[in-house]
Ligand code: RVP
């Protein structure tokens, strides 16, 4: 007979944290969110520690090189999506590793024959107000000029006016030569009173922009996550099919950490993949595995050699795996069981394997709950998809801006390897949806608020580190009636827009 677990499996919203004694010197500025990314032995520390306990999801609509740069600057890591060609993925990894603080590859570009209408559309779609004009409209094409809000007047100019007629052409611009240092670039910006300095190579191809507003950049990013060569740290998703070709290309590109991306990670495929990486790279590149939802799944991947284990099946905001296949488990219950298994494993073997809570985070307090329940860090898709830095289009729907967000199991992504059960190479049925999420602005601004809330809750618990939170937090189940009590209730909330 099948094993029936009669305990209900639960989600984050069914729990709350009970405050502990807050000491006078326990203030948010003293709270550290540092947390291990990869496994380590008792008495040692992890080779990579996150300074913010967030990683961005291995998804087309979330993690490209732009997101990876922005998140590493804030102390987290992006796992660049694997549902693209090996060459394209390796190229993105390289871009992150080559990123130089203050030098930004242009993300909004246009051709001279395009029109003012196109400029306005591009500005809306990308959110960027400085647009590079290149011969082929690419970020590294032959540089011809720039367009900013100062170059046109919507009240006077016709929408079909050609870009070449109103752009500021290269002849009228100060430019930096490729190879210039940030200090030199900033000197030109100050001397010429510029807002933007285009940096071009000998063939006049656009390489970067340096923005005046990024001056003193390094001071803005105290949590920046760097490798031994002062390059940003980056991760990448891999699958259990083409790893023998993909992993070498990613390692060659400089990837710091890999993660096997699968909706169900309790499989021999994952063990084979981990063993290949361990045998060929002897620990030089770390590899996380998953996803699992119970002790058995965790132990299997831990014993196979995983550097971290990802927890969660079916909880993602765009995920319909539970409806389609009937597999999964409430995220909180899955996390609690795996965290217990991780602690037991640590006691027994002296090896601490970090666990990552993946999917289903909706409210900021869910993050603190996940950490308190034992997660070392969390992977999020929806959260990051809402920001300027995610790779998808920003659209105006009705009177609200939204960003596109689609699942890897949707027809749009066609990431069949993630859902592969060993059969033919195709997506037989969808396990994800294509959706919109409310646009939320810049990653940094949102992250500051979110981490501020986490730190504040930790102070309420009287703890200043994630490990202390895990050891000391008191968590309680809540009834559905007390969930209502948690929001504004029995009052008429004022509409602050009026
Ligand atoms: P969320 O943060 O709730 O949006 O969830 C993101 C997670 O959902 C991903 O990290 C991944 O584990 C999962 N995912 C991605 N695509 C799909 C799908 O199409 N079902 N699910």
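Every residue gets a Cβ built from N, Cα and C, even glycine.
Taken from TrEMBL, the feature NAD(+) binding site covers 261, 262, 263, 312, 313, 314. Sequence-distant neighbours of residue 263 (NAD(+) binding site) (same chain, 6+ residues apart, CB-CB distance under 8 A): 291, 313, 314, 319, 321, 409, 418, 419, 431.
DSSP assigns residue 319 (K(+) binding site) to a strand. Taken from TrEMBL, the feature K(+) binding site applies to 314, 316, 319.
Taken from TrEMBL, the feature domain 'IMP dehydrogenase/GMP reductase' covers 11-489. Within the model, the domain 'IMP dehydrogenase/GMP reductase' (11-489) carries an average pLDDT of 94.
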In three-state DSSP terms, the structure that residue 263 (NAD(+) binding site) belongs to: coil
Binding-site residues close to ligand 1 - of 262, 313, 314, 316, 319, only those whose C-beta is under 6 Å away: 316, 319
Least buried by Cβ count (within 10 Å) of the binding-site residues 312, 314: 314
Distant-in-sequence Cβ neighbours of residue 261 (NAD(+) binding site), under 8 Å, six or more positions away: 58, 79, 82, 237, 238, 239, 408, 415, 417, 418
Residue with minimal Cβ packing [other Cβ atoms within 10 Å] among the binding-site residues 313, 319: 319
